[in-house]
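Pulled from Swiss-Prot:
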- 18-72: disulfide bond (DISULFID)
- 19-34: disulfide bond (DISULFID)
- 22-68: disulfide bond (DISULFID)
- 24-32: disulfide bond (DISULFID)
- 42-49: disulfide bond (DISULFID)
- 46-61: disulfide bond (DISULFID)
- 51-59: disulfide bond (DISULFID)
- 1-24: region 'Disordered' (REGION)
């Protein structure tokens, strides 16, 4: 499970991994998890994505990283409701 095929086209800006609700433990290194809920898929860098069986499916990434991804909201419109 360590390799993934490079058959997809260049990822677009919108498929960059991002997370608005990220929480980390205070351990070293920190264990960070993104709790964003997305419809039908997880962000592009997610290795283990869990989805509900509803329609549309609500998906979240269960990966544990030692960092948080960039926030999704700020990348598009910085000045809107902060």
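Glycine is treated like the rest: Cβ placed from N, Cα and C.
Note that the coordinates shown come from a computational prediction; the quantities given were computed from them, not determined experimentally.
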Legend entry - C-alpha spacing of residue 61 (disulfide bond) relative to residue 49 (disulfide bond), in angstrom: 4
Inset, instruction - Find the shortest Cα-Cα separation between residue 22 (disulfide bond) and the disulfide-bonded residues 32, 34, 42, 51, 72, and name the residue that gives it. - result: 34
Legend entry - Neighbouring C-beta atoms (10 Å sphere around the C-beta of residue 68 (disulfide bond)): 17
Inset, instruction - Out of 24, 32, 51, 59, 61, 72, give those disulfide-bonded residues positioned within 10 angstroms of residue 42 (disulfide bond), comparing C-alpha atoms, in sequence order. - result: 51, 59, 61
Legend entry - Same chain, 6+ residues apart, C-beta under 8 Å of the C-beta of residue 19 (disulfide bond), given in sequence order: 34, 36, 43, 68, 69, 70, 71, 72
Inset, instruction - Tell me the Cβ contacts of residue 59 (disulfide bond) under 8 Å, same chain only and six or more apart in sequence, or just say none. - result: 37, 38, 39, 40, 41, 42, 49, 50, 51, 52
Legend entry - Spatial neighbours of residue 46 (disulfide bond) that are distant in sequence (at least 6 apart) but have CB under 8 A: 17, 61, 63
Legend entry - residue 18 (disulfide bond) versus residue 32 (disulfide bond) - Cα distance in angstrom: 13
Inset, instruction - Do me a favour and check the Cα-Cα span between residue 18 (disulfide bond) and residue 24 (disulfide bond); whole Å is fine. - result: 15
Inset, instruction - Would you please pick out, from the disulfide-bonded residues 32, 42, the one with the fewest other Cβ atoms within 10 Å of its Cβ? - result: 32
Legend entry - Neighbour-count leader, CB within 10 A, disulfide-bonded residues: 24, 34, 49, 51, 72: 34
Legend entry - Packing count at residue 61 (disulfide bond) (other Cβ atoms within 10 Å of its Cβ): 24
